[in-house]
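Report on one structure; see the data block that follows.
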Amino acid sequence: MSKRVTSSKKSKIMREDSENDSAKNLSKTSKSVSKSKEAGSKRTKQNSSKSSKDLKTTKNIGGSKSSRTYNSEGSKNIKKTSSSKDSKVIKKNKQKVESSDSEKHSENKSHKKSSKSSSISRKKPIKKDTRKINIELVSDSDNNSDSELNGVDTTGDDIIYLKGEDNNDEKQNKKSPKKLLNEKKISSESFDDKLNELREELRENYIRQKKIMNDIKDLANLHKKDLRLAVKSGNRLNSGKHSGFNKPQTVPQSLKDLLKINDDVLSRSKVTELMYKYFTDNKMYNSKTKREIIPNSKIKKLFGMKEGDIITFYNMQTWLKKVYNENQNNEKLEE
């Protein structure tokens with residue numbers, strides 16, 4: 001029971017402490033609020049006193065009328081006039097400040113220009129050009145011309161040196177923007193014309209190239225036809241000529257005696273035909289193969305054959321060649 005009592009006492013003490021703390025905080029906040037109110041009231045009083053002083057000064061500046069009227073309605077009018085006068089004074093002060101600023105700005109500009117001109121004069125000295133102009137004096141009846149020429153010596157060719165003509169020449173040489181635009185238009189037109197001319201030339205060249213290529217093709221075809229015709233005509237012309245085996249040659253005496261040939265000159269193809277006829281007449285073909293020829297004593301002697309040698313249709317020309325070569329060698333020896 002004692003423990004419960006102590007815990008309840010502690011809780012009561014804690015509650016009382018918290019209530020006291022909250023009361024203290026409230027008193028502090030109320031004091032701070034009252035202090036802030038007092039400070040605000042003091043500030044408002046000071047501002048009001050300052051404004052009243054300003055009004056008094058404006059009354060003295062404005063003249064006698066504003067100083068004599070102190071009624072409630074008159075006080076309003078005085079305030080209005082004082083505000084308008086203050087605005088005028090402020091405007092005048094602003095104008096003075098602006099005028100002083102503009103003067104300073106102009107002075108700075110002039111100082112910069114003078115510094116630039118001095119630097120330019122140091123860097124690049126100005127050359128004054130002088131040009132000679134011959135003036136021919138003409139005697140006119142007018143008094144004005146005489147009066148103008150009284151101060152000029154009329155003896156001989158008078159020479160006057162004029163300065164600063166380059167500027168006039170430059171002004172004359174300067175072209176107006178309209179003239180420049182016209183020149184640009186003319187240049188663009190001339191450029192377009194040249195482009196069109198070049199395109200036309202390219203087209204003409206392309207057409208010419210096509211024509212030339214077609215002519216080349218036609219010539220090539222004609223040449224091929226001529227070659228074909230020449231080959232055909234050459235074959236026809238050379239058909240009567242003899243060459244190789246068809247060429248007539250002197251027949252050896254041994255073959256004449258064997259084949260009973262009366263002509264001295266015959267082609268080798270004709271001689272082979274006579275040889276095959278001789279083989280068939282004498283039944284010299286092999287009955288089994290019918291490709292080999294069984295030679296007799298005369299053929300062996302003619303061709304100079306040995307044991308084991310065979311005559312066929314494939315090696316017939318080699319045996320005949322042997323006979324023709326022996327005949328040619330004998331003729332050379334006789335000569």
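In case you wondered, yes, glycine gets a Cβ from its N, Cα and C as well.
Quantities reported herein were computed from a predicted structural model and do not represent experimental measurements.
Among the features that Swiss-Prot reports, compositional bias 'Basic residues' is placed at 1-12 (among others).
Marked as region 'Disordered' by Swiss-Prot: 1-182.
What Swiss-Prot records for 24-33 is compositional bias 'Low complexity'.
Marked as compositional bias 'Polar residues' by Swiss-Prot: 60-75.
The compositional bias 'Basic and acidic residues' feature in Swiss-Prot is assigned to 83-109 (among others).
What Swiss-Prot lists as compositional bias 'Basic residues' is 110-126 (among others).
For 163-173 (among others), the entry in Swiss-Prot reads compositional bias 'Basic and acidic residues'.
Residues annotated as coiled coil in Swiss-Prot: 181-217.
Taken from Swiss-Prot, the feature domain 'SWIB/MDM2' covers 244-326, and the record attributes it to sequence analysis.
Per DSSP, the secondary structure of the domain 'SWIB/MDM2' (244-326) breaks down as 42 helix, 11 strand, 30 coil. The average pLDDT computed for the domain 'SWIB/MDM2' (244-326) is 86.
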